[in-house]
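Below is one structure; the comments refer to it alone.
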Amino acid sequence: MVSDNLVEGLNDLSDHLIGSEEIGPGSSEIQLYRSLMAIANFSVSFSVVSVLTGLNTMYGDGLRYGGPLTMIYGFPIVGLLTLIVGLSMAEICSAYPTSGGLYFWSAKLCGKRWGPLASWLTGWFNIVGQWAVTTSVDFSLAQLISVIILLSTGGKNGGGYEASKYVIMCFHGGILLLHAIINSLPISVMSFFGQVAAAWNLLGVLLLMILIPSVAKHKASAEFVFTHFNTDTGEGIDNGVYIFVLGLLVSQYTLLGYDASAHMSLESYVAFEAMVSIATIGSYIAYALPTLFRVTLARKSFVPGPFNLGRFSILAGWVAVLWVITISVLFSLPVAYPITTETLNYAPVAVGGLLILTVSAWVLSARHWFTGPITNIDNS
């Protein structure tokens, strides 16, 4: 995943390595608070990526939309294109290694005239994407807790306790509160949590790679794993290309955020799909906006930092932007037919509503007082 945590980690890591020296042609004097070591930055980013839990969350979607073929070949495709998005962001980060991150980059790349509006839009898409990520993560964890309680009390057929949707929402609220408290702790404590989480993710993947094959009673053939394509979605969709596209959300969301596995009913499943789509679309739009400004408004004025893509910079930037546009459209498509109020994918409604609200707020109010981030960048 190319997440805000990764961006902030790169910013702090750049600060740690470069010190207080000027950064090349950009003449940016580093004034960031140095509190995280390189290993801590990596650990936070790695734990947020969390392929271990991200895969578990969306595993059922992968089996439903295409099965093994979608999951096996979807990851290399999505991974390569996500890497290009990350490389384009890294190039901008290298030129402007500030803790402001995405919205600061947009302001700097668009100049004084368009910078405030660019940073306003980028910042709002970024924060709403993060809200959706947090919501989907904690909702899934609440579902997982309810399933654990059900199984530990006898199971569905054994009279076990099956939490109602209201109880699950209480779990959800409690988890959100707990995470809010954790995120208010000192950075040194957060660094410790990040390193423990990174170690857990690494060891967990290794353990599963060993344990699952050793205890499995039945093993799928290589032909099934690499060639089987499931078209029986049970959602009224029978077009192969459409099914494969919906299955790509498994890979894209895993490379965005982390989550926990849960078994969901159809009603909560469709709602969860919307949350996942909103998280993916909102976050990636925020990632793509600075890159779009880099290859358009700042194409000639951009001064690269120590890390740059050279002659491939513009090409990689356009590929990244086009990929984000593509997934924004694809993940707004319905995930079930016939389309009703219960099966509608509300992601495009939410994203479109956000765009209307942010632009309206800008026109009616923010343009009179919002001037963009406070900058320590020398305009020379």
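Every residue, even glycine, has its Cβ placed from backbone N, Cα and C.
Taken from TrEMBL as is:
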- 36-59: transmembrane segment (TRANSMEM)
- 71-93: transmembrane segment (TRANSMEM)
- 139-154: transmembrane segment (TRANSMEM)
- 166-185: transmembrane segment (TRANSMEM)
- 197-216: transmembrane segment (TRANSMEM)
- 237-258: transmembrane segment (TRANSMEM)
- 270-293: transmembrane segment (TRANSMEM)
- 314-337: transmembrane segment (TRANSMEM)
- 343-364: transmembrane segment (TRANSMEM)
>> Should anything in the same chain at least six residues away from the transmembrane segment (166-185) have a Cβ under 8 Å from its Cβ atoms, list it; otherwise answer none.
In response: 134, 138-139, 141-143, 145-146, 193
>> Restricting to CB pairs under 8 Å, which listed stretch, 71-93, 139-154, 197-216, 314-337, is in contact most with the transmembrane segment (343-364)?
In response: 314-337
> Cβ pairs under 8 Å with the transmembrane segment (71-93): which stretch of 139-154, 197-216, 314-337 has the most?
Replying inline: 314-337
